[in-house]
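Swiss-Prot annotations:
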type	residues	note
TRANSMEM	9-29	transmembrane segment
CARBOHYD	Asn301	N-linked glycosylation site
CARBOHYD	Asn436	N-linked glycosylation site
BINDING	Cys481	heme binding site
Amino acid sequence: MVFVTTTNVLLSMSGAIAAIVLWKVISILRAPYTSALRNLPGPPSPSWPLGHLKMMFSAEDSAALYESWVERHGTTFKYNGWAGTYRLFTADTRAVNYIQSHSNDYWKPEISRFSLIQILGHGLLSVEGDRHRQQRRVMNPAFGPAQIRGLTEIFVEKAHKLCEFWRNELSKNGEPGRIEVLNGLSKMTLDVIGLAGFNYDFNSLNVDGKPNELNEAFNVLFRSLDGFAILPVLQAVFPPLRLLPDRRSRRIASAVKVMRRIGMELISNKKAEIVAAAISDQKEKNKLQSRDLLTLLLKSNLSRDNPESQRLSDKDVLAQVPTFLIAGHETTSNAVAWCLYALTQNSEIQQKLRDELWSVPTEDPTMDELNELPYLEAVVRETMRVHAPVPATERVAIKDDVILLNTPYIDIRGQVQDSVRVRKGDHIFIPIIAMNKSKALWGEDAFEFKPERWESIPDAVQTIPGVWANMMSFLGGAHSCIGFRFSVVEMKALVFALVRSFEFELAVPAGQLTAKTIGVQRPAVRGEQNQGCQLPLLIKVYKRN
């Protein structure tokens, strides 16, 4: 009798799973014939099962690919996803502004949220709706101008530590020495987010070369995410497949376990400090006036003065630790790497910047002193424009909607359209890098690295709905990068210290360098894929006359 009951349950479960899979398959197969996007122009699909997805994921120069599509099909068109389904591609500034300002109606796709939750938990980057607003509201105080001003000392200190790290390398091998700079930059920015985010020194830039446990976890994580894999996509679409054991998931789980263990240690230690200070004298309380991210979150969480709706649960606090460990150092380290690459391609720009940096009478500038350097500002802006660390973002419509456009398009029936109708579930691709390098917005020299352009930018650029500097690198709206001020000032501090201290040349022919996107756009060398992402430079100490 028990056997019969168990068999019936298993059969019922199998039938339910089969029904879900069948419904999903039928929905996908009929989608191209009923899609509201079917009459948009667009590039022909290179593959029925994969559409344009593999091409977009593996493109060496995604900006050039997107710009070629825009030149041929306009700023708004359709492209192909899985199994012939249609997706919306738009670089139209009015459309993008609308999507960003209606974040309740346009969420990250299921596959993105599944991947982010798998790695980060339910942190700020992976949640939507009310939960996102709650987390963002509590975290905003950590990233205001006053807070970043107080953290600049950490940025400068760790930038000097990186200079010392590289000088040590040069003393061993002579000058100019070949140094893979991405590794050092990643360690430096990890140390920064440790101190500024959690008041914890990871000491990644240790000269004895001992591997840092957290850095090793990151390396495992990003190696696991490398490449175009079908299974994670299927797991996002068909949740029962997430139960399947696979090597990639096991490696990610192992790396995440390390990140979360360190996160719990940080939270436990900080909680103990806050509780001890609460029952101690004023002197002890003054020691906890730190406004690092973790202190602010835990003070908010432990305070009885705040209404329940403004507090984060312990689970939500824990989710922010890996979120900011990854987001707080990966984007900045790669942005500075691309900045150094750009400076190797134009020695005049490099020297002009160096001359300005040496005009500052201190090697330990404040945030205000960094912000008063116009050419440094221009170089940082141009780096973030031309080499945006995150080259694109994607959203899914949560309801049927109509999106108005700045630039009309001609549909495949020859009719002019000034809006796009989307249906619930439609994917929308926003090409950050293509908008940053659009010739229609920036002029014919849009692909050139030209800091002088910031002396007078075109009027059309004012329509770009980014939170910073009329570009999309930090997005806009409710999901704009909460740490953009943090990132910009940290980047300035790094460039200030490095370019004052060293001269840089590319160690390989420029044609060998390429970009590899694993969430973040990283430099890599053709023919050296086994060495992972890297930026080898020839470095020598700058000797001022």
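Glycine too: its Cβ is placed from the backbone N, Cα and C atoms.
Given the structure is predicted, the values throughout are model-derived calculations rather than measurements.
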Identify, among the glycosylation sites Asn301, Asn436, the residue whose Cβ has the fewest other Cβ atoms within 10 Å in this structure.
Asn301
Counting every protein chain present, what is the number of Cβ atoms, excluding its own, within 10 Å of the Cβ of the residue listed as 'heme binding site'?
20
What is the interatomic distance between the Cα atoms of Asn436 (N-linked glycosylation site) and the residue listed as 'heme binding site', given in whole Å?
16
May I ask for the distance between Asn301 (N-linked glycosylation site) and Cys481 (heme binding site), taken between their Cα atoms and rounded to an integer number of Å?
22
Which secondary structure state does DSSP assign to Cys481 (heme binding site), in the simple three-class scheme?
coil
